[in-house]
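Written out below as C-alpha cells is the structure these notes cover.
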Amino acid sequence: MPLRGLAKAKNFTLGPTAPMKTFTENVHSQNNEINNLKKIDKTHNLTNNSQNEKLYKYESQIKSSFDRIVPTLKEIARIQHHEDFINTAQSISKQNLGINLPTHILDKSWVKPLDMRALYAWCAFKQHEKLSDNFFENDPLEGSFGSPNANNFETALLDCGIHLLDITPCSDGRLAHSVAYVMRIPFSAVRRRSHAGALFDIENTVNRWVKTEHKRYRENNPNEAHEDTRYLKIVTYHFSSVDPLHQGCAAHGSDDKLAAKEGSEKLLAFKEAVENSFCCGASVDLMLIGLDTDTDSLKIHLSSSDGKIDLENTISSLDIYNSTINFSKDEAEKEICQIISGNSNKVQLKGLDKFVYKLIVNNISQIDYVKKFHKGSYEDIGHAERFIGVGIGFKEVHLRNLTYFAHLDTVEEGAPDLDVGVKIFTGLNVSQDLPIPIVIRFDYSGKVPGAKERAAKDCYRVNNAISIRYKSLVDKGLLHTCLTIRDRDNIHSAQIIGMSLDQKTKEAH
C-alpha cells in the first residue's frame with residue numbers, strides 16, 4: 001500500500017499539531033516500559049494464546065488482501081499493451097486478489113493509458129466487499145449476536161450492573177480494533193460509534209439512552225426496568241508512547257491531557273443531560289479510557305470521591321502486565337483485584353470494579369498479542385489506513401489501521417471528521433498519485449417500511465455532497481466513492497448500490 005512506510009517515521013504527522021504538555025518524565029517511563037516488555041521472552045499466565053493466534057490469522061488475511069493491490073496493479077500495468085491483455089489481467093487479479101476487474105475500464109487500454117487510479121479504487125472497494133461478506137457469513141471474530149461469546153459477555157455485563165455498553169473511540173484508524181482486539185469484547189454486545197477526538201454528540205447519545213430504557217420497560221430487554229443496572233458510556237481517547245509529540249490524537253494536537261479532559265467533559269455533560277431531562281433518579285455510569293496506540297495497553301481513569309472522573313489517577317494495564325509477568329494465574333488475579341478494589345478476592349468485586357477487572361485481564365492478552373506478533377510495539381506508529389468509512393454502520397470493521405471512520409448523517413455536520421480523514425489520505429494516497437477510496441454506508445432496519453429506500457437516498461445524498469466538497473480531487477480521479485447499505489436486523493453483508501466507477505451510459509439523442 002502507498003506510503004505505509006511513512007507511518008513508521010517518527011517525524012511524520014498529517015493532523016494539526018500543538019505544543020505538547022511538559023511530561024518528559026512520563027514519556028521516558030513509558031518508553032522504558034516498552035523496552036522492558038520487548039526484553040521479556042515469555043507470555044503472561046493470564047493470556048489467551050489460542051485466541052491470539054486466531055485473531056492474528058484474521059488480521060493478516062484481511063490486511064494482506066488490501067496490501068496486495070499495488071503489487072498486482074503494477075504487474076498488470078506492465079502488460080497493458082500485450083495481446084489478450086484483458087483475459088491475462090483478469091487472471092492475475094483473480095489469482096492475487098480474488099476479484100474481477102471492471103471490463104469497461106480494461107477495454108480502453110488500447111486507446112489510452114490504463115486508468116490505474118480507477119482500478120486501485122475498484123480493488124479497494126471489492127476487498128471491502130469481500131471483508132463484509134466473510135464477516136457476516138462466517139463470524140471470524142466469533143462475536144455475532146447469539147454466539148456463545150456474546151451471550152456470555154452480556155451475562156457478565158449484567159452481573160457487573162451494566163445493561164448496555166456504549167463505547168465511543170476516536171475515529172482514528174489506530175483505534176478501529178479497540179473493541180474486538182484491545183478490550184476483547186464481542187462486537188455484537190457493544191454499541192460503538194467513532195468520532196474525531198472521541199467527541200460524541202450528546203443529544204444523539206441521550207436519544208440512544210432513551211431507546212435503550214424504553215426497550216427495558218416495553219420488552220424487558222436486556223433486563224427488566226426495575227433492576228438496579230446502568231447504561232455505561234465509555235470514551236476511548238488515545239496517545240502514543242513512542243512518539244507523543246506527533247502521533248497522538250490529531251483532533252487534540254497530540255496533547256493527551258487535552259484529549260482526556262475533553263473526553264471527560266463530554267461524559268459529564270451526557271450524564272448531566274440525562275439527570276436534568278428525566279425523573280426518578282435517572283442516571284448513567286461513565287468511564288474514560290486512554291489507549292496507547294503503540295502497545296495497545298490501557299490507562300483506565302478512576303472516579304473521584306465526588307463522582308467525577310479523575311484525570312490524574314489511572315490504572316495502567318501495562319504496569320500491571322510488567323509487575324505480574326512472573327506471577328502464577330491465581331497470584332496475578334489477586335494482584336489485579338488488590339489494585340482495583342483493595343481486596344484480593346475477585347468474588348468480592350462488585351459493579352464497575354468487576355468490569356474493570358475483566359477489561360484488564362482481556363487487555364493483558366492484547367499486550368502479549370502486540371508483543372508476539374508486532375515485537376511489543378507496532379511498526380506503523382502513525383496512520384496507515386486503507387479506506388475511509390463514511391455514514392452510519394461498519395459493524396464489520398475491527399482491525400487496526402484498516403479504516404478511518406467518519407460517522408455522520410450529513411457531510412455538513414460531519415465535515416470536521418471527514419476533513420481530517422481526507423487530510424490523512426492526502427498524505428497516504430494522493431501524494432503517490434493514488435485515489436482516496438471512500439465507502440459510504442447507511443444501515444437500515446428491514447422491519448421499517450421504506451427504510452431501505454431511504455438508506456439508499458442517504459447514500460446518494462452524502463455522495464453528492466462529498467463530490468461537491470472535494471470537487472478538485474474528484475475531477476482528477478483522486479477520490480472515488482462506493483455506496484453501500486445493510487439491513488442491521490439480519491445477518492447480511494453490505495450491499496453495493498453504486499460506485500463513482502460505474503460505467504456511464506450514453507445519453508439518447
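A Cβ is built for glycine as well, from the same backbone N, Cα and C atoms used for every other residue.
Per Swiss-Prot, the features are:
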BINDING   C170, H238, C249  Zn(2+) binding site
ACT_SITE  D172  active site, proton acceptor
Rounded Cα-Cα span from C249 (Zn(2+) binding site) to the residue listed as 'active site, proton acceptor', Å: 8
Per DSSP, three-state class assigned to the residue listed as 'active site, proton acceptor': coil
Spatial neighbours of C170 (Zn(2+) binding site) that are distant in sequence (at least 6 apart) but have CB under 8 A: S194, H195, A196, G197, A198, T236, Y237, H238, C249, A251, A259
Fewest-neighbour residue among recorded positions, criterion Cβ within 10 Å, set D172, H238, C249: H238
